[in-house]
Amino acid sequence: MKFVDEATILVVAGDGGNGCVSFRREKYIPRGGPDGGDGGDGGDVYMQADENLNTLIDYRFEKSFRAERGQNGQSRDCTGKRGNDILIKVPVGTRIIDQGTGETLGDMTHHQQKMMVAKGGWHGLGNTRFKSSVNRTPRQKTMGTPGEKRDLQLELMLLADVGMLGLPNAGKSTFIRAVSAAKPKVADYPFTTLVPSLGVVRMDSEQSFVVADIPGLIEGASEGAGLGIRFLKHLERCRVLLHTIDLAPIDESDPVENARIILGELEKYSEKLFQKPRWLVFNKVDLLDEEEAESRAKAIAEALGWTEKYYLISAANRAGVNALCWDVMAFIKANPKEAELVAKQPEKVEFMWDDYHRQQLEEAQPEVEEDDDWDDDWDEDDEEGVETIYQR
């Protein structure tokens with residue numbers, strides 16, 4: 001299935017049903033009073049994370065989603081039926097952005113997480129709502145409000161613990177094939193990897209972590225060269241980056257310069273991503289003798305000003321891979337996910353009609369002074385005979 005990590009959709013919540021103007025009419029009850037019911041609320045639009053999905057390709061073809069309209073109110077104080085909600089399923093890791101305001105509505109970071117993205121219109125009020133001591137036969141009602149409409153930008157960001165970083169042909173896909181059941185394509189030409197892939201590294205029955213492999217970066221990626229930097233966003237939620245360096249590049253390029261290219265493109269893309277924990281991993285040591293591999297790695301680390309531990313591995317024959325994976329596992333256990341990676345929603349998503357009803361009632365209802373002598377209740381005595389209104 002084609003991997004699509006961005007999509008734009010239109011969501012429209014259902015309109016609210018209109019209120020009803022109606023009066024009770026029965027035999028022997030000529031002036032039965034108002035009995036117009038309220039309309040039904042419009043249906044809402046929800047997004048839900050589904051771990052069984054891994055692409056947004058469906059939303060390249062189906063771009064519009066509309067919830068059901070609420071029914072109009074009816075006589076006999078019958079309230080209209082509420083419109084049905086709709087549920088849009090997206091992969092876990094999807095970020096939802098309102099295109100109109102640029103506001104991030106939320107990140108869908110765990111299975112079955114559900115979030116409202118468009119609120120249905122409020123129901124209109126029937127004329128029964130406007131009955132008062134000075135208006136016994138109200139003929140006003142309110143119309144249902146339109147459902148909220150939003151253009152949403154969906155961005156899928158892979159949820160992984162470890163991110164692979166490096167130039168094309170550095171051995172990132174070979175590493176993932178060696179440590180997990182993932183089978184990304186591996187070949188001896190650049191840009192074999194065209195889309196991100198995930199692999200689960202299971203250390204034992206109770207310990208595992210997820211590795212993300214993205215297409216390799218080249219110089220000028222921040223300006224769109226190669227595959228650009230559009231896939232770097234998939235590393236934003238990783239806890240550690242494995243910067244993979246080819247010790248014996250097939251094009252005989254300088255590994256130090258290659259490493260600096262990656263660091264430069266990373267810094268241009270995001271300062272936050274640049275500051276993430278990053279480990280140096282020297283790959284393809286099997287192409288050199290042991291002493292030469294160690295001396296090259298040491299020289300590269302010194303040229304980069306690297307003072308921390310680095311790793312020498314051969315992803316092709318798994319030399320040094322197991323020790324690296326156990327160190328990664330220990331790091332992940334010692335460094336739980338950042339607070340922002342846990343489902344963090346805005347304190348409150350503002351919707352259009354939150355205060356609508358209160359305002360409508362305040363505007364439509366006249367202020368009346370309280371008078372204990374005035375019979376302001378509609379009772380059976382009022383219904384059985386001719387109504388007489390006394391004025392002072």
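Each residue, glycine too, has its Cβ placed from N, Cα and C.
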If I go by Swiss-Prot, the feature region 'Disordered' sits on one of 30-62, 360-392. Which?
360-392
Under Swiss-Prot, the annotation region 'Disordered' belongs to which of these stretches: 87-106, 127-146?
127-146
Can you grab the distance from Ser173 (Mg(2+) binding site) over to Gly166 (GTP binding site)? Cα atoms, rounded to a whole Å.
11
Sparsest-packed among the binding-site residues, when each Cβ's other Cβ atoms within 10 Å are tallied, from Lys172, Lys284
Lys284
